[in-house]
Amino acid sequence: MHHPPTGPGWADVVITLLLAVALAGYTVGLLRLWRRGVPWPVGRFLSWVMGVAAVGAALVGPAADAAHHDFAAHMAAHVLLGMLGPLLLVLAAPATLALRALPTRAARPLGRLLGSTPMGVLAHPVTAAVLNVGGLWLLYRSDLYALTLVHPGAHLLVHFHVLAAGYLFSYAIVGPDPAPHRPGPPTRAVVLVLAVAAHNVLAKTVYAFPPTGVPVDQAREGGLVMYYAGAPVEIALIVVLCHRWLGPAARSRAAGRVMARG
Amino acid sequence: MAEETHARAARAPSRPRGPPLLAGVLLGVGAVAFVDEAVFHQILHWHHFYDRASTAAGLVSDGLFHAFSWFATVAGLYLMARTWRERAFDARRFWAGLLVGVGGFQLYDGIVNHKILRLHQIRYGVDILPYDLVWNIVAVLVLAAGIALWAVGRRRPRRSGAG
């Protein structure tokens with residue numbers, strides 16, 4: 001073992017600190033822009049705050065504690081940590097904020113990273129969907145979930161993966177943050193529909209065939225939570241994608257400029 | 001600027017052909033899925049979240065159907081809004097598309113999901129034959145009405161949009 005097992009107390013402190021840093025970092029960036037007179041939508045700031053809150057609720061506090069004992073609560077936390085939280089964080093466009101707020105010396109490597117080929121492969125919708133939904137299939141359809149119940153390190157790693165893969169997926173599908181290699185909306189729509197389908201099917205198999213170590217009634221409840229609580233977030237992803245693709249702004253972007261009409 | 005205006009003018013006449021029909025089909029698919037979930041699952045409780053008799057292929061088909069129906073609803077609404085915005089809305093083509101979407105997907109659900117893949121049945125503990133017949137005959141009638149409505153207008157010269 002490379003590192004000693006982490007007690008829940010320790011992990012909670014570290015996670016809370018990281019969330020505080022995320023909140024503070026975004027706020028500092030925002031204040032820098034505003035001091036320079038560069039506008040930044042308040043909605044994005046609110047989205048970041050709510051995203052951090054959703055992730056926090058899933059990881060620390062009473063809901064997170066309940067998730068350790070009850071599989072349905074675990075699923076609710078999964079929706080917050082892997083779906084709702086990441087979508088809200090992505091919509092806050094943190095990379096764009098960093099590119100504008102950081103000094104050029106620091107912003108340039110970040111821009112290069114976002115435009116690099118490895119990043120293009122990692123953040124391709126197909127890669128992101130496989131990491132995201134594929135990771136969940138691995139978690140619930142192998143003995144991995146049972147392992148996370150007894151091994152705190154595995155538990156933390158799975159949490160990190162669910163959050164990171166959820167973020168990567170939202171960013172690949174709708175992200176306002178720049179992604180030079182991102183394919184066009186039709187490809188993203190197909191990947192999104194397939195990923196939602198895979199999520200739906202997984203929810204039904206969780207309902208019908210409980211993961212190792214989960215009682216039957218809890219698995220049923222958990223499957224329903226996964227399906228019905230996940231749906232609003234999936235529909236939100238579809239709305240954001242369609243809005244950018246088919247909405248009024250898309251038309252004017254294509255035309256090159258907004259035409260004022262009487 | 002002049003180039004753009006010219007491009008818009010040149011593009012405008014060809015645009016109305018696609019969107020109203022497609023918007024209708026997509027919204028039709030969305031409507032069937034909505035009725036399926038709201039009426040048959042939640043209100044009547046005839047359909048179940050999971051059916052032991054269902055095959056793996058049936059689960060995949062159902063998952064795809066629901067995922068696509070959500071996408072179809074949203075994309076259909078956006079397309080319809082766009083045809084309104086561009087004054088390319090054509091009620092007949094829209095309704096033709098809607099009926100084709102409703103009938104086509106109900107038929108798919110009734111034949112492929114219920115019968116071939118045995119995903120779930122329309123209702124349990126009853127003689128299923130009348131239910132299947134009503135379900136699929138309604139689907140065929142709606143589909144036929146949609147195709148007829150679409151074909152009728154093709155023979156007549158189209159009135160241009162609300163311009």
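Cβ atoms are placed via backbone N, Cα and C, with glycine included.
Worth saying up front: this structure is predicted, and the values here are computed from it rather than measured.
Listed in TrEMBL for this protein:
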- A:13-33: transmembrane segment (TRANSMEM)
- A:45-64: transmembrane segment (TRANSMEM)
- A:76-99: transmembrane segment (TRANSMEM)
- A:120-140: transmembrane segment (TRANSMEM)
- A:152-174: transmembrane segment (TRANSMEM)
- A:186-207: transmembrane segment (TRANSMEM)
- A:227-247: transmembrane segment (TRANSMEM)
Count the CB pairs under 8 A between the transmembrane segment (A:45-64) and each of A:152-174, A:186-207, A:227-247, then give me the winner.
A:152-174
Cβ-Cβ under 8 Å with the transmembrane segment (A:152-174): same-chain residues at least 6 beyond its ends:
1, 3, 5-8, 11, 55, 58-59, 78, 81-83, 85-87, 89-91, 122-125, 127-129, 131-132, 135-136, 139, 144, 182, 188, 191-192, 195, 237, 240-241, 244
Compare A:13-33, A:120-140, A:186-207 by their Cβ pairs under 8 Å to the transmembrane segment (A:76-99) and return the stretch that comes out on top.
A:13-33
Against the transmembrane segment (A:120-140), which of these stretches has the most C-beta pairs under 8 Å: A:13-33, A:186-207, A:227-247?
A:186-207
Where else in the chain does the transmembrane segment (A:186-207) make close Cβ contacts, counting only residues six or more beyond its ends and a cut-off under 8 Å?
125-126, 129, 132-133, 136-137, 140-141, 169, 172-174, 219-220, 222-224, 226-227, 230, 234, 237-238, 241-242, 245
